[in-house]
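Undergrad: Residues or ranges marked as transmembrane segment by Swiss-Prot on the basis of sequence analysis: 9-29, 40-60, 89-109, 125-145, 147-167, 185-205, 258-278, 280-300, 354-374, 396-416, 425-445, 549-569 (among others).
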């Protein structure tokens, strides 16, 4: 067992051979590597599976032995400075390792089929494997320098994957936006790390905790400077986990392939910020102002993410704002000191959100056969509807993920979210009211997504929903280059509703985009499973292939049962705290709260749970009332669906609803504010500086030059070499 811990430093580097071999193969043997490209799914999954097995073994040892292991190598540069690097295995590391590997394996398995048609298949798997390597290195780091190195690698991989289809202008803009926004947080993180080193002289977590505790206890540290360092450290987590006000990159990150969205939102990039705050919580907890600030940012993000998700029409953007809101719950829990609740929600949310994103990928995959490779069509919920008849397995999986995120028992997110809500009442009643209200909003917007996607009629030819007569279609196989074919516009909705099934089928089949030699229907996936029966048709959306469905089914099982790890099994006060998660987190909980009592009053738990579940069902009821097909008007798919027109003068309630809808659909006008105040402000400042440089600075120097030139030209004629002219000038002056 000792050898397992000692050599666990190799864990982050196990997936690394895949991107290295792909790169070498493309350089030395490009033709053979491209011809055998489908084989790279197997080594990617196999190597990550080895990491998963090691992670499970380490977690079992953590549960049984309850200790923290750290192995450090010292690199002495001179007598005054030595850099120590190594790896740290503790409960937080074990949880993150299992989370990254399990979600990563399922996403890779899913991606083999999802990306089979894409010319960038090899590039995709190289990026994905390096992404996993970077995240594994981040969670096993034993000091702040290592964390910063892998932190930057995670950001680089996310930049590459968000802009995977880089010839698509929106994708290129999105990856730049994510990169620049995260640079703000990363710069703050770097300054915070350097500030802590200036105070303590160490980057190691164990030294930081001990030295800072002693310095603060003896009042030997400048309090304001230390608080500033903590704020800067937290800024890195704010940007990476898409917390307000650095959240603007997250919805635009949906321009990348859907499997990337699943991995980023479940177990890698956005989880990195939560991991950093959890890792540094022993530092933050010393200063109450920092904890209050963390909880404040968390509760603002909870509410903002939920309100911005209310009116999104893009299915992936709606899920992105959902992720933002749920990350706010985790940050709120950390700010309240609820370490266990935050990590519990990180676990349950990861599997539920991965399921939802892979489900949305299956929906998009099926819609592309009808509307072509156009994100503004294949991801638009207004063009969906009635898909439960065509993609029943995807519908069931998506419903399970939706119910879990809504907090419906006994699904995974119910247990963790309810624990956060209970702790919030003890921390601040105002925060608790906001958190509980947001739980109702979560149920509303999640069921809105479900109802618009799976219930009602298939609205693929319902055009002009946003006032646009046409939109561009893109070919993923060409990395975003526009294709010449377009879907017929100005199609009447009434004819769609009145035509019979045969007419509908023939109409859709005539407008189907056929896929070329690289198409999905002509390439068999490297991994084939025959457990499910799917019906392929191009008249209506069809169920995804079995490889994609397999990953979704496994995530359904996780969503159903992963909540068990945090549920107390015994009902007496002596053993009530001996659930699996508490056993695993026992060393960390004792470090943060030496006299903590994890006992649970089941009567109080049931009472609070009944309240939160009632709020969730109320949100579901409102969503059903507004978006259920029997009440909905297909001509106005927004918050005004169920309200009849009352003449030209709308009442105040209509204006309020319109205002809420506009606020949500336009992202709270935060992006517009940043564009005006920052982007245009910086450009205006640059133009002003350019004007001053060209006109003022250059004008002064050029003016001196011109003055000297004309002065020289003037006196040149005076000194022409004639003595008579010199005498005349002399006598005229004197």
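Cβ atoms are placed via backbone N, Cα and C, with glycine included.
Fair warning: this is a prediction, and the values are worked out from it, not measured in the lab.
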Undergrad: Which stretch, 9-29, 125-145, 280-300, 396-416, tops the Cβ pairs under 8 Å count with the transmembrane segment (354-374)?
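TA: Of the candidates 9-29, 125-145, 280-300, 396-416, 396-416 scores highest.
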Undergrad: Hey, does the transmembrane segment (258-278) touch the transmembrane segment (89-109), meaning at least 3 C-beta pairs closer than 8 angstroms, sequence gap 6 or more?
TA: yes
Undergrad: Considering only the recorded stretches 40-60, 125-145, 396-416, state which has the highest number of Cβ pairs under 8 Å to the transmembrane segment (9-29).
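TA: By the under-8 Å Cβ criterion, the transmembrane segment (9-29) pairs most with 125-145.
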Undergrad: Should anything in the same chain at least six residues away from the transmembrane segment (40-60) have a Cβ under 8 Å from its Cβ atoms, list it; otherwise answer none.
TA: 4-5, 8, 11, 14-15, 17-18, 21-22, 89, 93-95, 97-98, 101-102, 104-105, 108-109, 111-112, 121-122, 125, 128-129, 132, 136, 525-527, 584
Undergrad: Go through 125-145, 147-167, 258-278 and flag the stretch with the largest number of C-beta pairs under 8 Å relative to the transmembrane segment (185-205).
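TA: Highest pair count goes to 125-145.
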